[in-house]
């Protein structure tokens, strides 16, 4: 039992560190872009580039993570690779002006804008995409319905703690600290501090126990699966000749990897488009919920600095307009810190609330609270009232971090029932098409002998034939996690593309909060179709038996 708790804390240590980086690191992105002279409508578009990249690559990352075989497991190689992008973005953002002056002294302002945009996109994409393999790793370690609910409650707790720390750091005045003066100011000091925190949390992944490859075989909870994807096979298969140099092998492997990514796009797209009805309904409801919350969170600093404090972001440093804006930004940081603090409390109580009230009541109440809070912020001019409403949205933030993934684990726990209406495959009773599941696939007569062959057309074991690419899993947990995370990413793209122009046309930053309120009402409407329990599925499918029929059903 202690070992399980230790593994849960190790996994979520990186979750906490990553959220610190995303909270504190991205908090300064809008002010940095506006201070560099970028217009508001273009600033909001830049905030959407990282999520767009996530929409393209996160499903691919999830799919390849499901089928990956290596000595460090299926999830950690992708986590480490994305963490490199996070670290690179953290280093470039605070030093963009110095790097621009050093590299291109003739036009440093122009290069500074390019560096800021590139670093912001890299940080947002890498940080947000890294959560997908982290969530899949938690699901791998704690696959049961009760276990997953408890594990994702801890996951939400650590995200909230990371957000608390991440938003608290910018709220404090570090400009007079000797270390901050040495590093070049408050922003440079905060980025250096969160880099140190992130590296410390990243070290915890080294001690995580995960399924791994040894001697060309995968050891997975007592089941040994032979494969031809050992390193020696990869060298002979893709390098063509055993005497080729390492450099030649690397070049050929890179070429193969690029071609494999291009060929995988249509297949990943097909898997995403042929979603089971339960996941499709959950995706739509989560999309509008996150869009409402992101319309508030992404632009809350600008709303406070311009709307309530009447500041000007691109004013000359030291002027009253600029000082008022900076004060508004710090007050926004306090509001987001209180939001995460409320989320911490809710994370501790979330498991008990879901048992007592039910998942439907918890989800609907969170959306109603968000609509009420954003409606008040749209009209109120009181800093105290707006800050209280911002803190109240911590309940919604906590629910969206826990409930969708808990429901997804519920769906995967009984695929025959919940995925029977999927259009992605015909009805084959008793078969599981997720070869990454920890349970062995049984023979058609429901015997106890595992059937570990690739003869079934719906069991994608990673066995490679000559001249064929590695088959991708049809309904892997990480791929479905990536699809749900795509709702979070898409929720940032649409507001980023639209809200900047809406604010310019309305000449009021209160449009941010009004849009969030409208999207909350749409989310409340979509939540009526979400399957929260098996009885909900029976009502939607019109089934009168114990389980719904196994033929494709229309919504």
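Every residue gets a Cβ built from N, Cα and C, even glycine.
Here TrEMBL flags 428-437 as compositional bias 'Basic and acidic residues'. Taken from TrEMBL, the feature region 'Disordered' covers 422-443. Feature annotation from TrEMBL assigns signal peptide to 1-23. If you look up TrEMBL, you'll see 42-65, 77-93, 113-131, 152-169, 189-208, 287-309, 329-349, 361-380, 386-411, 482-503, 509-532 marked as transmembrane segment.
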May I ask you to check whether the transmembrane segment (113-131) and the transmembrane segment (361-380) make contact, with contact taken as at least three Cβ pairs under 8 Å and only pairs 6 or more apart in sequence counted?
no
Hey, which of 77-93, 189-208, 287-309, 361-380 has the most Cβ-Cβ pairs under 8 Å against the transmembrane segment (509-532)?
287-309
Remote residues contacting the transmembrane segment (287-309) - C-beta distance under 8 A, at least 6 residues beyond either end:
27, 30-31, 34, 40, 44, 47, 324-329, 331-333, 335-336, 366-367, 370-371, 374, 377, 381, 383, 386, 390, 393, 396-397, 400, 487-488, 490-492, 494-496, 499, 508-510, 512-513, 515-517, 519-520, 522-523, 526-527
Residue list, the transmembrane segment (152-169) vs rest of chain: Cβ under 8 Å, 6 or more residues beyond ends.
8-9, 12-13, 15-25, 27, 135, 138, 190, 193-194, 197, 333-334, 336-337, 339-341, 343-344, 346-348, 350-351, 394, 397-398, 401-402, 405-406, 409
Please work out whether the transmembrane segment (386-411) lies in contact with the transmembrane segment (77-93), by counting C-beta pairs under 8 angstroms that are 6 or more apart in sequence and asking whether there are at least 3.
no
Cβ-Cβ under 8 Å with the transmembrane segment (482-503): same-chain residues at least 6 beyond its ends:
40-48, 50-52, 54-55, 58-59, 61-63, 128-129, 131-132, 135, 272, 275, 279, 282-283, 286-291, 293-295, 298-299, 404-405, 408, 509, 511-512, 515
Distal contacts, the signal peptide (1-23) - CB-CB under 8 A, six or more residues away:
79, 83, 86, 90, 123-124, 127-128, 130-131, 134, 137-138, 141-142, 151, 154-155, 157-159, 161-163, 165-167, 194-195, 197-198, 200-202, 204-205, 207-209, 336, 340
At a C-beta cut-off of under 8 Å, are there same-chain residues at least 6 beyond the transmembrane segment (329-349) that contact it? List them, or none.
23, 27, 31, 153-154, 156-157, 159-164, 166-168, 170-171, 173, 297, 300-301, 303-305, 308-309, 383, 386-387, 390-395, 397-399, 401-402
So what's near the transmembrane segment (189-208) in sequence-distant terms, Cβ-Cβ under 8 Å and 6+ beyond its ends?
7, 10-11, 13-14, 16-18, 20-21, 24-25, 28, 73, 76, 79-80, 83, 86-87, 90-91, 93-94, 137, 165-166, 169-170, 174, 177, 179-180, 183
